[in-house]
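Student: Dropping a structure here in structure tokens format, bear with me for questions.
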Amino acid sequence: MLFNEHQKKAISYISGPCLILAGAGSGKTRVIINKIVHLIKICHFDPKCITAITFTNKAACEMKSRILNVLSVNVSNLVKISTFHALGLEIIKSEIELLNIKSNFTIFDEQDQISILQEIVSKEDRSFVRQIRQSISNWKNKLLCPNQVNKISNSSIEFKFFRYYELYNAYLKSSNILDFDDLIFLPTILLRDNKLSRERWNDKIKYLLVDEYQDTNFIQYKLIKLLSSKRSNFTLVGDDDQSIYSWRGANIHNFESLKHDYPNLRTIIMQHNYRSSGRILKVANALISNNLHFFNKKLFSNLDYGSIVEIISAKNEEDEARVILQTLMLHKSNYNAQYKDYAILYRSNYQVKIFEKFLIKFKIPYKILANISFFSRPEIKDLIAYLRLIINPDDNAAFLRVVNRPLRGIGAVTLQKLKEWSKKRNQSFFMASLDIGLESILPVHNLKSLQEFVYLIQTISYQIQLNPIEVLEKLVATIKYEKWLMRSLKFSKLYVASIKNISIVLNWIINELKYKIMNSKKFVMKYLIDIISEFILQNSLNEDIVINNDYVQLMTLHASKGLEFLYVFIVGVEEGVLPYYRNTTMENNIDEERRLAYVGITRAQKKLFLSYAIQRCQYGVVINTKPSRFLRELPQSDILWQKSKILNLNEKNNFLFKAYKKSLKKKLLR
């Protein structure tokens, strides 16, 4: 296997802290895989003492698959490849007694957080609740507990938010629930404050690799330091020019902190790009050179210099969508390309609607990569909430989610009285439903409905420990969920899709459980807890982009990171869109918008098109726009400015007919 000099250095250096500054398309995943192989085969590291951290489950699965191609199954399975949250969950389970958490805890996602904060805040609008959730998340990611926030609160609104943080934390504790932030917050606090735990995990992880270092936030960097505090044996791989997630807490200054905290840091810069033409890289380098840099880096390629970069000016967003798609069809016809070779990238999701209209009109097959997770679908959230409640009866959020799904005639007044009673008795909603005193405040039929639901959950919880697979296979029928969906959705496409989705998840859970209980049924509930936690963490059995099918692919610039396409269109390259209007006042924000444009440009392999509209409708008002400042920063000798051409009806029909005829001829020749 051939490597360039910088890749060789990156793979072989293990004598202390190492930063691999990996430019776009420089083969970073290949380097990480081969560094793991080098650690095992050449340096004789025990595979189970090597941990690699990625940011997504998809990236972790890809890395596992590629390691499997190089190492034997037995060896590759010992290497831990994980996300930060999955590793945090493992630490929590391992150190659960020190953390004073009950073993049947469940995990909250963002939607659950919003629902509970809505209860706590009471009568406040949803956008305000989202602000509170974000503040709590920010505090946890800065390692701040409620009492610490109280000390630094400088305004009445901060103090108010601190109180919500306090109440929210108390709710989590009483319900035996962790949110996503806790999965990193709790292990980091523990490793910081408990020397024995810190040493134990330093001995478990003797070499640490972290991918996408530019996406780390304050607490993740702190966790990296704690996990490697004994030996400083780590390799961090990232690119400061691709740091585009500050809105999610990513801190580009972690590069600066790294240089300061580790004076003996070895920095290896990989600049050789194996993806894009020389001209595309020249354009990308020129753009990003306008940012301040922690490191000097300039991408180069040994591939052809390539065709000119085209900038298309359109009258408005409709004209932009039309001309881009006509250009795409003509280009496809001229170069015998496939639709899957093309990507249309945009800054914000609202931009895609007009493109969808013309894609349908021109009969172009397409796929929009949306950031909607499989887990967020109502039927999946219901199923997981049932399982959470079966595992953990203290989970009040799960109780509220499913107590009336299917409908059981348990109204808002009944639930409010139950909440008040449970608070008075210091019990979960589940246990309060069984309290003998509840009959004094609830009508008989309401109490009966409530207790029948609780008895149903208790029965399933008991039976699942005896015959787990059979109980799970019959779960949807037992809770009468399918009948309820049938009545609600009346055999519509949505009903069919919902039943199919439930079946996918249940089959996945059943298969995982079958594998775990092959040797013993003794720990069924523990296994189920692990499986549900894993599913919630994955949060993405959603459809990924389908590379093998012949679709034009549309996605945001953020979603395009890590992907590559032969031909790329970046649309809406104008002031207020890219850069985004909210990010045009502060230099740091402009730098990130520029990095976002850079990420889009470096997705292209052979040909790049950029477009902007002279007028755009925003919030119902047509406004005049200006081409993005980023276009002026590109090397003008390498770009061609084009005006959109409005075809008359005959030209349009002739154009579409020629493209269709050529496409049909190609299909017949296959």
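Every residue, even glycine, has its Cβ placed from backbone N, Cα and C.
Under the heading domain 'UvrD-like helicase ATP-binding', Swiss-Prot lists 1-277. Annotation source Swiss-Prot lists ATP binding site at A22, G23, A24, G25, S26, G27, K28, T29, R275. The domain 'UvrD-like helicase C-terminal' annotation in Swiss-Prot covers 278-562, and the record cites sequence analysis as its basis.
I'd like these features described in context: how deep, what's nearby, how far apart.
Tutor: Sequence-distant neighbours of A24 (ATP binding site) (same chain, six or more apart, CB under 8 Å from its CB) are D239, D241, Q242, N273, R275, S276, A284, L299, Y598, V599, T602, listed in sequence order.
When averaged over the domain 'UvrD-like helicase C-terminal' (278-562), pLDDT in the model lands at 89.
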Student: Using the centroid of the Cβ atoms of A22, G23, A24, G25, S26, G27, K28, T29, R275 as reference, list every other same-chain residue with Cβ within 8 Å of it (recorded ATP site), in sequence order.
Tutor: D239, M270, N273, Y274
Student: What is the number of other Cβ atoms found within 10 Å of the Cβ of K28 (ATP binding site)?
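Tutor: K28 (ATP binding site) is surrounded by 22 other Cβ atoms within 10 Å.
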Student: Does anything in the same chain, at least 6 positions from S26 (ATP binding site), have a Cβ under 8 Å from its Cβ, and if so what?
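Tutor: Sequence-distant Cβ neighbours: M270, Q271, H272, N273, Y274, L299.
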Student: What is the Cβ neighbour count of A22 (ATP binding site) at a 10 Å cut-off, with all protein chains included?
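Tutor: Around A22 (ATP binding site), other Cβ atoms within 10 Å: 28.
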